[in-house]
Structures are given as structure tokens and as C-alpha cells.
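Quick look at what Swiss-Prot annotates:
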{"type": "MOD_RES", "residues": "Lys105", "note": "N6-acetyllysine"}
{"type": "MOD_RES", "residues": "Ser207", "note": "phosphoserine"}
{"type": "MOD_RES", "residues": "Tyr259", "note": "phosphotyrosine"}
{"type": "BINDING", "residues": "Asn505, Gly506, Ile507, Ile508, Lys509, Trp510, Pro545, His546, Ser547, Gly548, Lys549, Thr550, Ala551, Leu552", "note": "ATP binding site"}
{"type": "BINDING", "residues": "Thr550", "note": "Mg(2+) binding site"}
{"type": "MOD_RES", "residues": "Ser569", "note": "phosphoserine"}
Amino acid sequence: MAGRTMQAARCPTDELSLSNCAVVNEKDYQSGQHVMVRTSPNHKYIFTLRTHPSVVPGCIAFSLPQRKWAGLSIGQDIEVALYSFDKAKQCIGTMTIEIDFLQKKNIDSNPYDTDKMAAEFIQQFNHQAFSVGQQLVFSFNDKLFGLLVKDIEAMDPSILKGEPASGKRQKIEVGLVVGNSQVAFEKAENSSLNLIGKAKTKENRQSIINPDWNFEKMGIGGLDKEFSDIFRRAFASRVFPPEIVEQMGCKHVKGILLYGPPGCGKTLLARQIGKMLNAREPKVVNGPEILNKYVGESEANIRKLFADAEEEQRRLGANSGLHIIIFDEIDAICKQRGSMAGSTGVHDTVVNQLLSKIDGVEQLNNILVIGMTNRPDLIDEALLRPGRLEVKMEIGLPDEKGRLQILHIHTARMRGHQLLSADVDIKELAVETKNFSGAELEGLVRAAQSTAMNRHIKASTKVEVDMEKAESLQVTRGDFLASLENDIKPAFGTNQEDYASYIMNGIIKWGDPVTRVLDDGELLVQQTKNSDRTPLVSVLLEGPPHSGKTALAAKIAEESNFPFIKICSPDKMIGFSETAKCQAMKKIFDDAYKSQLSCVVVDDIERLLDYVPIGPRFSNLVLQALLVLLKKAPPQGRKLLIIGTTSRKDVLQEMEMLNAFSTTIHVPNIATGEQLLEALELLGNFKDKERTTIAQQVKGKKVWIGIKKLLMLIEMSLQMDPEYRVRKFLALMREEGASPLDFD
């Protein structure tokens with residue numbers, strides 16, 4: 001049939017507007033026919049027709065979406081001709097349709113089942129024409145949706161013939177919906193529509209990982225394992241499409257707690273996680289900033305942090321972007337409830353507010369809270385359960401491989417500009433910097449740089465840089481070693497000054513007993529290093545006063561070369577209350593647990609316990625704390641050697657403390673004249689003739705004196721005139737009861 005000119009009109013009823021049909025008078029065309037509307041030589045549009053008596057003959061009525069799609073205006077003259085579909089080539093097999101709410105005021109977050117939508121669509125629009133780019137209105141569950149046809153594939157001709165599918169798919173521009181056509185819905189960009197079911201396309205999701213991200217250039221040394229564990233626990237589920245996560249019934253991890261010693265990279269790791277994720281800028285909050293002097297403001301500050309995430313989840317549902325909130329020093333606001341003094345209870349209500357926001361009645365699935373602290377023991381346990389800060393990751397001191405990575409990172413720019421001398425061996429520095437944190441390694445590099453710069457500053461009346469030499473500036477191995485020796489000491493390392501004072505006179509090996517103690521100590525050191533079955537080794541050096549127990553303990557600790565050595569001594573706890581003593585001892589042991597290999601010397605145990613024989617009196621609180629610490633095994637992968645000293649083995653036996661030690665080693669006094677003469681010869685304070693005189697008096701006799709007391713007597717006698725020294729020494733020995741002899 002030849003075409004005719006008709007006039008475009010407005011659709012007469014709302015019901016017909018939802019039919020996706022052009023409306024004519026029955027005098028012009030019949031219902032169910034298809035027409036091609038030509039608005040210009042190159043613009044043709046296919047419509048299915050319906051009839052209605054209110055439409056004037058010679059007019060063809062269109063809904064607003066149809067007029068918008070075809071570019072029609074009311075009263076426009078258009079050319080209309082009948083159109084016939086080739087059923088073998090133009091039946092729709094699969095049609096992809098973009099969907100969104102028609103009116104923004106009707107937006108909700110309810111899930112819409114695409115399977116039911118597809119069935120309703122086929123029922124409403126069966127045997128209708130559809131074109132790529134066509135716009136229409138679709139009513140479902142009393143809601144109006146705007147649809148846009150994105151893609152049409154023709155049905156396989158084999159299926160139409162009743163044969164098995166051949167697998168051939170052909171794209172077409174115009175097609176006819178039939179009973180077994182498939183419809184796939186695709187959510188419009190930035191739409192908050194929540195689609196569920198199988199009749200939806202896989203969304204083109206923006207990758208959660210920044211496409212420009214390079215894991216090798218992240219600038220975090222020594223945290224490879226920790227970072228991969230965090231990625232596995234917290235981000236693996238977020239990389240998958242929402243539909244797969246939904247089918248698995250999987251919930252995303254909402255919180256990570258990073259804890260560990262200061263300067264080990266907690267804040268750096270959190271910052272890099274924020275950069276890695278293709279999300280909005282993380283909100284970084286220092287814990288104390290949350291607190292406010294006005295009533296209710298602290299809780300309001302918590303609510304403000306989560307407001308954006310709540311609003312977006314209400315709008316976009318499962319397709320909401322990720323919101324990252326980083327709490328630095330989270331222990332400042334999340335202490336155990338009920339632990340804070342005062343009547344206001346502000347801290348408790350802040351904790352309650354945070355708990356309810358992370359995982360409360362209205363659950364948010366689009367947040368990631370990263371908390372950082374070096375005091376995880378202070379944090380309320382309700383915050384650490386699964387569903388809140390469930391991924392707990394210790395960021396500990398870096399091992400040798402980690403230190404090598406960190407030093408490479410901090411010296412990379414110097415190497416790139418040839419400012420690092422060829423004699424600098426980064427591997428050597430990594431070995432020498434045991435128990436250095438990442439911040440301390442960075443400080444070491446800065447100190448070496450300042451040492452190198454200082455060489456090129458002229459020491460004159462004015463501070464000037466020698467520019468001639470400055471151009472040849474290089475940081476050398478000597479600069480690093482000088483900084484290591486003088487400037488930077490690890491907080492969790494070995495401070496030689498701690499134990500140097502205990503062995504300032506060296507170790508006097510006056511006989512086999514001393515050698516045996518040192519040999520046994522060396523065996524225990526090797527056991528601690530090499531045995532996987534005994535990560536905790538403890539030994540008690542017991543013996544009479546002044547026998548050199550502390551010096552021997554310090555020597556064993558020094559010879560161990562452990563990266564962490566600490567001496568727990570009563571002279572550092574003078575005036576401490578019982579509670580303060582317990583806390584000081586606990587801190588020493590807690591610090592030891594952070595190192596791979598540690599040695600703690602618990603000196604003069606009876607003094608730590610405040611023991612006095614009159615009464616007798618001792619501190620039971622300190623005793624119980626010490627018993628627990630002596631028996632507590634270090635964390636997995638860490639090893640600890642404890643060396644205790646006491647002059648009152650009998651007292652510790654009564655207190656049942658001896659059983660807390662793995663073994664006990666006796667440190668005797670000098671007991672024979674021969675041992676005394678050996679000690680005098682090693683000390684070298686007396687001349688040969690003087691030693692001969694002393695030998696005549698003590699050889700073959702029993703003596704009883706500690707090496708420490710012997711040193712004191714020798715030094716006193718050396719203050720006399722040379723001819724009286726021996727007589728004075730022997731007299732002092734007699735007065736001290738060190739020998740039964742009556743010296744002349």
C-alpha cells in the first residue's frame with residue numbers, strides 16, 4: 001500500500017500512552033498493523049498501531065516518549081506507510097533494555113525482580129515493533145519506568161523451524177516481540193534502581209582497584225604479607241560483581257584494625273589502601289578530634305562521618321560506591337566501656353554510636369573503617385567482633401628482607417641522582433639495623449644525609465656551603481655507620497648502656513664454675529635460637545651475694561647478640577607502687593614479644609618482690625605478675641630467653657617460683673686458695689712478689705668470697721703504700737670472714 005500524509009497528534013489517554021503504540025482512527029488503519037513513519041528522507045520509525053474513536057481521521061497520535069524519540073511535534077505532517085516484518089529474520093531473540101525510574105520523586109531502594117519484569121514486558125508488548133534507540137514507558141508493580149532499547153538480536157531461524165539452535169546470532173535494528181523473546185534489563189547509568197534476578201545484564205562496573213595502581217611502586221617495604229592478607233580478607237569480595245556476591249549471600253568486610261609498635265607503617269599502609277581503591281577520597285580522622293566539649297556533639301561527629309555513605313546507600317543500594325573512613329589512634333575514642341572515670345559517660349556513648357553505625361540495625365554495606373592503634377588491649381571488645389573491625393592485622397617490626405625493602409625505598413632518589421656512594425651496601429645496613437622500625441630506618445637515612453651535608457659546610461664566622469665541594473656531595477658508608485652508632489637507636493632494640501655498667505670490669509674466669517655457667521648460658525641461647533619446640537627458655541642464676549650473678553647474666557645476654565635485650569632491674573623501679581611495678585614489668589615483656597628474638601634479664605628478684613626476712617614481708621601482687629610473665633609463651637614466630645638472678649633461692653622455693661624457670665644454674669663464690677690466686681693473676685693488680693706472699697698464706701686453704709667483694713677489697717688495699725698492700729689485703733679478707741686464717 002502506498003504511503004499517505006498524516007498529522008501528528010497527542011495521545012488521547014494515559015492508558016494508551018503506556019501501550020507503546022501509535023493511535024489512529026479505525027477508518028485509517030486497523031489495530032495490530034505496523035506502520036513506518038518517515039519524518040525526513042533519512043529518518044524512518046516503525047510503530048505498531050491501535051485504534052481509538054477520539055482520534056480525528058487523518059491524524060496519528062503519539063505519546064511523549066515516542067514524540068521525543070522520533071523528533072515529532074504536534075501538528076507536524078508526516079508520511080505514513082504500512083510495514084511488514086520478515087518473520088524469518090526480524091523476530092526478536094534477545095533484547096537489551098536500559099531501565100530507570102520515570103520520575104525522580106518516585107525513587108525507592110526496593111529490589112525489583114527482573115524475571116517478573118521480563119514476563120510482564122512480553123505480556124504487555126507481545127507482537128509489537130521495537131527499534132534500537134526507542135524510548136517507551138513501562139508500568140510494573142504500580143511504578144512507572146522509562147525504558148530505552150539498547151540492543152536487539154534476531155531469533156535463530158532454526159528455532160523458528162522447530163530445529164535445535166544453530167548458535168548464529170545477528171544484530172538487527174528493528175524487530176518484532178514474540179512469545180519466546182528474551183528481555184534483559186540494564187540499569188541506567190547513575191540510577192539508584194535496585195535490580196535482582198537473572199533477567200539483567202552484567203553491569204559495566206567501575207573497578208574498585210585504581211587502574212593506574214602499581215603494587216610494586218606502592219612504597220611500603222616489609223609489609224607484603226600483611227598487605228596481601230588484608231586484600232584477601234577485605235577487598236576480594238568487593239572486586240567481584242554485585243550479582244555474584246548476592247548469589248553467594250556474601251557480606252563485605254566492614255572494618256580493619258591495624259595495630260603494632262609506633263613507626264612500623266600503620267598510617268602509611270592505610271594511606272596506600274585509600275590510594276589503591278578507585279573510591280572517593282578517604283575520610284581521615286584523628287581519634288581525639290571526634291571529642292567535643294558540648295553535650296552530644298561527639299556522637300554527632302561520628303554520625304557525620306557516616307552520613308554520606310548512608311545517603312548513597314539509600315539512593316543506590318548495592319551499587320553504592322565504597323566509602324573509606326580511617327581512624328588514627330582509635331583507642332582514644334573506643335576504650336572499654338565503663339573503664340573511664342567521670343559521670344558524663346561521653347566515651348561510652350561515642351563507642352555505642354560507632355558500634356551502631358558500623359553494624360547496627362540499619363546495616364551499611366558500602367563502608368570500610370580502618371582503625372589504627374598501638375594499644376589494641378584498650379579497645380572495647382564489641383568493636384572487634386566479626387561484622388565490625390573483624391580483620392585484625394599486626395604491623396610488626398620488619399624482618400631483614402623488609403628492612404632491605406624499606407632502605408631501598410628511602411635511598412631510591414639518592415641512587416637515581418648518583419648521590420649514594422658505591423661503598424654503601426644496603427644489605428649490610430639491613431643486617432645491622434635489627435629491630436629498627438620503618439620510621440627509624442627513615443630517620444637513619446636522614447641522619448646519614450645530614451652527616452654528609454655537614455662535611456660541606458664551612459666553619460667560619462658565617463654559615464656557608466662550600467659550593468665547589470657540594471656538587472660532589474655523596475652519602476657514604478661511613479655516614480650510615482656513624483649515624484647508626486651515634487644518632488639513631490631502635491626503641492625495641494638493644495641499648496648497650498643498659499647492661500654495659502654491669503660488666504664494666506669484664507668477666508673474671510677464676511675457675512671451672514664460671515666457665516661452666518657461661519657454657520650453659522651459651523647452650524640456652526642456642527636452644528632459644530634453634531628450637532621450635534621451646535620458644536620460651538628461662539634460667540635462674542642463683543648463688544650467694546656478690547658472686548657476680550648479674551654480670552654473668554648480662555654477659556650471656558650480650559654474647560647472644562639478640563636484637564632485643566632489656567634488663568628488668570629494681571633500681572629502675574624505686575618508689576613504684578605495686579601496680580606501677582607490675583605495669584613496668586609487663587611493658588618490658590610486651591616490648592620483647594614484638595621482636596623475633598628477645599632476651600629479658602630479671603635482676604635481683606627478691607628486691608623486685610619487696611622481700612624482707614623480718615615478718616617476713618613480700619608483694620604478692622608483684623609475685624603473681626612475675627609468675628605469669630615467666631610462664632607466658634611469646635606469640636607464634638617469636639622467641640624469648642629469660643635470665644633471672646637471686647641470692648635467696650630458699651625464699652623463691654617457698655614462694656613456688658623455682659618451678660617457673662626452665663632450669664637453675666648455681667653461681668658459687670671463690671672457695672679455695674688456688675681459685676683466689678687465679679683471680680688475682682687475671683686481675684693483675686698485685687705484682688708477682690706480692691702474689692707469692694699471698695699464696696704462702698692461702699694455698700691449700702679454704703676461702704669464701706664473692707668476686708664482686710674481692711674486687712672491692714683489692715681496690716681498697718691498693719690505696720695503701722706498696723709495702724703495706726698485701727698485709728692490708730689479708731687483713732680485709734679476715735675481717736670479711738673470707739678466710740679462717742689469722743694473718744700477721
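Including glycine, each Cβ sits where the backbone N, Cα and C put it.
Same-chain residues at least 6 positions away in sequence with a Cβ under 8 Å from that of Ile507 (ATP binding site) are, in sequence order, Val514, Leu518, Gly548, Ala551, Leu552, Lys555. Minimal Cβ crowding within 10 Å, among the recorded positions Asn505, Ser569, is found at Asn505. Look at the Cβ of each of the recorded positions Lys105, Lys509, Lys549 and count the other Cβ atoms within 10 Å; the largest number goes with Lys549. Looking only at Cα atoms, Ser547 (ATP binding site) sits nearest to Ser569 among the modified residues Lys105, Tyr259, Ser569. Each of the binding-site residues Ser547, Thr550 was ranked by the number of other C-beta atoms within 10 Å, and first place falls to Ser547. The DSSP secondary structure for the residue listed as 'N6-acetyllysine' is helix. In sequence order, Ser647, Gly706 make up the list of same-chain residues 6 or more apart from Pro545 (ATP binding site) whose Cβ falls under 8 Å from its Cβ. Spatially close to Tyr259 (phosphotyrosine) yet at least six residues away along the chain are Lys266, Met372, Thr373, Asn374, Arg375, Pro376, Lys392, Met393, Glu394, Ile395, judged by Cβ distances under 8 angstroms. As a whole number, the greatest separation of Cα atoms within the ATP-binding residue list Asn505, Gly506, Ile507, Ile508, Lys509, Trp510, Pro545, His546, Ser547, Gly548, Lys549, Thr550, Ala551, Leu552 is 18 Å. Counting only the Cα atoms, the space from the residue listed as 'Mg(2+) binding site' to the residue listed as 'N6-acetyllysine' is about 81 angstrom.
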